[in-house]
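Have a look at the structure below before the remarks.
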Ligand code: 5AD
Ligand code: SF4
């Protein structure tokens with residue numbers, strides 16, 4: 001028997017890339033690969049990349065430059081680029097970095113085994129098609145290996161919304177939902193392998209329509225014995241249907257946390273972003289969600305310095321944040337993405353955008369801390385995921401997605417522990433089991 005080939009995969013960007021990387025490891029596993037945690041002993045290095053902002057894309061080229069010398073040490077080493085940079089830049093990647101052997105876009109991962117074989121014959125392999133066949137049908141390996149208690153499951157991919165700043169419709173393609181039966185099957189497989197919490201993924205997850213709505217899919221998933229928690233991300237305000245809102249009040253396994261990006265609090269900017277909702281309609285929506293589930297923790301995404309954003313537009317964003325009170329929020333300085341409509345418009349002075357970002361992040365941080373502090377003294381449930389740094393300590397997530405450190409824990413990995421929260425740090429809570 002020949003020794004297994006080693007695969008090192010590095011993942012950038014969103015949670016969907018994390019899910020895709022797992023699929024790629026499984027697909028190449030059938031070609032005799034085992035995963036390694038170091039690039040130095042790998043026979044294949046794959047970078048699963050992100051194109052969402054300029055910095056994310058540039059990181060890939062500097063990483064490729066660092067990896068190139070490894071080829072002199074291991075003549076069998078092949079280097080591949082997957083993900084959204086692969087989709088957006090294609091062959092250009094091999095031109096800029098000739099050490100790259102393989103470029104594969106997100107819709108072609110099921111073709112990776114054949115592509116790998118091609119590189120072993122000494123050829124370059126490139127595939128950035130949007131094929132007709134169902135990628136997931138082909139990636140449906142059924143491994144039995146044990147899994148961590150919290151897992152991702154992609155239910156929907158791509159986007160038809162075309163926000164003026166965003167590359168996703170170009171890199172991930174048109175909106176496609178996976179059939180519900182296929183998802184329930186995969187969910188049962190994952191639960192059989194130790195998974196207790198599933199996060200349903202999609203760039204527009206609440207637009208899911210694979211034979212049923214997202215709310216109906218969640219209701220079906222909730223019937224699976226052993227699956228204890230369900231989450232979903234990322235949602236668009238316009239697809240937040242009444243049945244999904246109701247589900248938050250009715251389905252116990254659906255966790256009280258919702259990521260619902262709004263991007264800006266200014267109606268003028270929202271219009272220029274092609275968001276087709278207003279600040280007011282977003283606030284009313286959150287009222288409805290909170291009526292269904294009063295304790296829900298809200299999370300969001302914001303872009304500051306979008307072309308034409310005035311001081312007044314930015315103040316409207318600050319005001320919206322004050323009204324929502326976020327438990328988490330991610331804010332970014334606008335980054336010009338070639339090929340998107342906003343790239344052609346008058347850009348905001350970068351120093352002004354920086355100052356706005358700092359103020360927004362300051363406000364978000366205050367809100368985050370307030371909500372975390374508010375957890376002290378409460379009884380929560382924690383899905384235990386791994387041992388902590390201190391002896392006897394375990395770490396997991398609360399219903400609200402806060403990281404929780406349990407001291408002197410009896411609970412094991414995969415257990416859902418009832419705890420009392422005794423303290424709040426910057427990024428986590430500390431707790432005692434009850
Ligand atoms: N510049 C800055 N931030 C962006 N995002 C998406 N595109 C851009 C861009 N061009 C942010 C949005 C989105 C999150 C995933 O990334 O806030 O919700
Ligand atoms: Fe980045 Fe978007 Fe691609 Fe995820 S889908 S990797 S966030 S560009």
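Each residue, glycine too, has its Cβ placed from N, Cα and C.
The model shown is predicted, which means the values in this text are computed figures rather than measured ones.
Site annotation for [4Fe-4S] cluster 1 in TrEMBL covers 14, 84, and the matching candidate from 50, 159 is 50. Of all the binding-site residues in the record (159, 163, 166), the one with the smallest CA separation from residue 50 ([4Fe-4S] cluster 1 binding site) is 166. For the binding-site residues given as 84, 166, the lowest number of other CB atoms within 10 Å of the residue's CB is seen at 166. The Cβ of residue 159 ([4Fe-4S] cluster 2 binding site) has 166, 168, 169, 172, 174, 175, 203, 204 as same-chain neighbours under 8 Å, each 6 or more residues away in sequence.
What surrounds the [4Fe-4S] cluster 1 site, by Cβ distance within 8 Å of the Cβ centroid and not counting 14, 50, 84, is the set 12, 13, 16, 17, 49, 51, 52, 56, 83, 171 from the same chain. Mapped onto DSSP helix, strand and coil, the domain 'TRAM' (373-434) counts 1 helix, 32 strand, 29 coil.
Close to ligand 2, meaning a Cβ under 6 Å from one of its atoms, is not one of the binding-site residues 159, 163, 166.
Secondary structure from DSSP puts residue 166 ([4Fe-4S] cluster 2 binding site) in coil.
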